[in-house]
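Colleague: Just lifted these from TrEMBL, have a look:
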TRANSMEM  A:12-31  transmembrane segment
DOMAIN    A:101-316  domain 'ABC transmembrane type-1'
TRANSMEM  A:105-128  transmembrane segment
TRANSMEM  A:140-165  transmembrane segment
TRANSMEM  A:189-209  transmembrane segment
TRANSMEM  A:247-273  transmembrane segment
TRANSMEM  A:293-319  transmembrane segment
Amino acid sequence: MSIKILLYIAGRAVKGLLVLLVIAVFNFFLIRAAPGDPAQVMAGEAGATDEVFLQQLREQFGLDQPLYYQLWVYINNMLHFDMGITYRQQMPVFDLIMDRMPATLLLTGAAFVLSLLLGVLAGVVAAAKHRKWPDSAITVAALVFYATPLFWLAMMASLLFSVYLDWLPSFGMQTVGEDFAGWDKVRDIGIHLVLPAATLGLFFTAVYARMTRTSMIETSRLDFVKTAKAKGMKPSRVLYRHVLRNALLPVVTLAGLQAGQLIGGAVLTETVFAWPGIGRLMFDALFQRDYNLLLGVFFISSAMVVLFNLITDVIYCVVDPRIEL
Amino acid sequence: MTPLLKVENLSIRLPEGADREFAISNVNYDLLPGEILCVVGESGSGKSMTANAIMGLLPATIEVNRGTIIFDGYDLVSLEERRARALRGNRISMIFQEPMTALNPLMRIADQISEVFLIHTDMTSKERETRTLALLEDVGLPDPEKMMRAYPHQLSGGQRQRVMIAMALALEPSVLIADEPTTALDVTTQAQILKLIKDLQKKHNTAVMFITHDFGVVAEIADRVVVMEKGIMVEIGSRDEVLNNPQHSYTQKLIAAVPPLTAPERISHKQSDRTPVLSVNNLYKTFSTGGSWFRKGRVVKAVDNVSFDLYRGETLGLVGESGSGKSTVSRCVVRLLDSDSGEIVLGGSPIQLLKGRDLAPFRKRIQMVFQDPYGSLNPRKTIGQIIADGPIAQGMSPKDAMAKAVELLELVELPAAALDRYPHEFSGGQRQRVGIARALAHDPEVLVADEAISALDVSVQAQILDLIETLKKRLNLAVLFVVHDLRVAAQVCDRVIVMQRGKIVESGNTRQVFVSPNHAYTKSLIASIPGAHWRSGKDAKPPIPQEVVA
């Protein structure tokens, strides 16, 4: 880590903050452009529809103010690290998001690690056995998982493994009614994690497998691989020491993309498996027109993308000496 | 003397659908201890194929059909892979053509070299390091300590080739195979690398199999020569026999195509009373790379105060090594690049600042032929479309443009039937003819040829050069010829400009520059030409290895 890298990171951080500000403004208008009125939703749920009550709700949340004023308040609050209060739970948005964060990170993180390991491994095997049956099998499987919609896969998986086979729980993060502690709790969460993490990870596993395979085959045609062979190196070692490292460069780019979705990318999976994470939170907030909460989730997701873009670029510079920051 | 390596009746079959059945057929030759054997031939002659067979590096789809390669009592063709591996990189090693891509970009130099020790010996890491450092010193790399930790991209092409040589000679092999190791290098670097290979070969008494297409290189280093044509060995003999008294007609043809280094006497044009068709005055162009909010980028002066005039009916050579700025000048002149400052006057009008519609009428007056005949023609268009596109863009009716394309094909000696075919159906030389026809479709006054022949085989080169010369005379063209090959420059240029690091260091009548160069750089360039004494016209004797003028 040199001064150069630190300076680079500082520069990118400044740019990133500007990007986030623009995103925040954009999100604000995006949400206001969607049809629906939070006051009406809340009033409806409370069973009251009279104008006075609605007006009262609007005043309470500042929804009666002109749009530019609402925007100014929102941005001003954001600049003071204040994401506001949720309309419904009447909790600070930030606290609520942080409360749900661990569940989401556990799910998406597990899916991320799983897909990266499995995908790269499958890709390497396919490339090493190029045009033999393991290659065909992996390519076909990858294509199937790549093409199948995530929600369908999720439903089929829970149908098979929970309903018919009864091996795995089909929803939630912990067994309802049980109060496990210690290793029992870890085990319980682990069992609940299998289906959602696998469903979420399969798509990216397929993407990584395809990418690694192509990249390995391309790299193994490069001149330096011939140099390595001419040294008298074993093929397996050529593959590992020379081909793999070079072939993984494009995979890093993709992994950076996936990592950016660690927070915002699990809405479907969390909904299908009733996983109590941020995706579910966002899904619910959407139906309740909970503007503040939605904006909060959007903002945190965007920040994550910006952050992981930066991390990817720094990793790139570490693994590839040709890249200068 | 007992041969070290014996290739006997070797035939290698190509996969089905190739242009011929055998890559090489029935090849026989020996490699004697301590000799340099040059294998010569044009592209597609199969000259590298034997080398790859010896190294066990043939592509999976190609296999040895018949014959043996005897080394140290073993037949390398039928030898078990595990035992062949033990020889590879150890007793027999190889260096390749492209130094830029032959090293792993993600590994440090020291790690790549010491891998050889790691594979074949039980040395400790300390021993490996010491030996690697010694090797880097042996191949003459500057600051070997620092080189150890460097990555390939931080080295120049010549330095990378030195690393490759260090790697190949790490375990003092008895056979070194060099596959066109200097083809991708500049002429002065080439001279240094050839000298290095020769010195090391003497020092360790290594037998070298040197594959090349360049008879100048052969004259420089070979003891014996093998000539290959379309997979068949047509001639073998000592260097002097083959170079000075070739027996086979193919060898004779190849050698005749090598331009002699003397520039023929040319009728000098009286230039004082004519106006130049193109004048370049005080041209500057800098490139800056990198750079961001926090860091200053690197600035390279590619063109640094360049001025010259070009007259109709003459060929002006722009010579220099890579990075000298000669291509940048040519690209600025045809306005593919914007210059920073200076004047480009075409037929009396300054064109350096013109844009869009104002520039269009000038575009057709100055046209370019590009270096790469494969990359410079759109593969999705027919030859007719490629040629006619320009005139149509300039307002000619499609019908007239096509009629013109037919005429042009005849002019560049291609059949009219080529009109409806696609570029991939043609050879490199034919494509370059299309490239010339495309440029001529505009009836230009100035033709800029940017290394237009350097991607072609020597016999094809000669044909294209003839064509350009004929067209120049017939159409009274002014030709700006960007070229790195001094032999070619000597043959085709009336005047030459020598460039180094963006600056013109010397210019003048070609013959004068070649016979009595003034600038030290020009002298070193000419001295570096491989086999300079061979076919120099005044001296037909075999060359004495010469020192490189630093």
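Glycine too: its Cβ is placed from the backbone N, Cα and C atoms.
Just so you know, TrEMBL annotations are computer predictions that nobody has curated.
Keep in mind it's a predicted model, so treat the numbers as computed, not measured.
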Colleague: Give the nonlocal contacts of the transmembrane segment (A:247-273) in its own chain as ranges (CB under 8 Å, at least six residues past its ends).
Modeller: 101, 104-105, 107-109, 111-112, 115-116, 120, 123, 127, 150-151, 154-155, 158, 170-172, 195-196, 199-200, 204, 207-208, 211-212, 215-216, 218-219, 279-280, 282-283, 297-298, 300-301, 304-305, 308-309, 311-312, 315-316, 319-320
Colleague: With a Cβ cut-off under 8 Å, give me the same-chain residues at least six positions beyond the ends of the transmembrane segment (A:293-319) that come close to it.
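Modeller: The answer is 5, 8-9, 12-13, 16, 19-20, 23-24, 27-28, 31, 74, 78, 83-84, 86-88, 93-94, 96-97, 245, 248-249, 252-253, 255-256, 259-264, 278, 281-282, 285-286, 325.
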Colleague: Cβ under 8 Å to the transmembrane segment (A:12-31), counting only same-chain residues 6 or more beyond its ends: which ones?
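Modeller: Residues 70-71, 74-75, 78, 291, 294-295, 298-299, 302-303, 306-307, 309-310, 313 contact the transmembrane segment (A:12-31) from elsewhere in the chain.
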Colleague: Please give the sequence-distant neighbours of the transmembrane segment (A:189-209): residues at least 6 beyond its ends with Cβ less than 8 Å from one of its Cβ atoms.
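Modeller: That would be 106-108, 110-112, 114-116, 118-120, 122-123, 126, 138, 141-146, 150, 153-154, 157-158, 161-162, 168-170, 172-175, 251, 254-255, 258, 265-266, 269-270, 272-273, 275.
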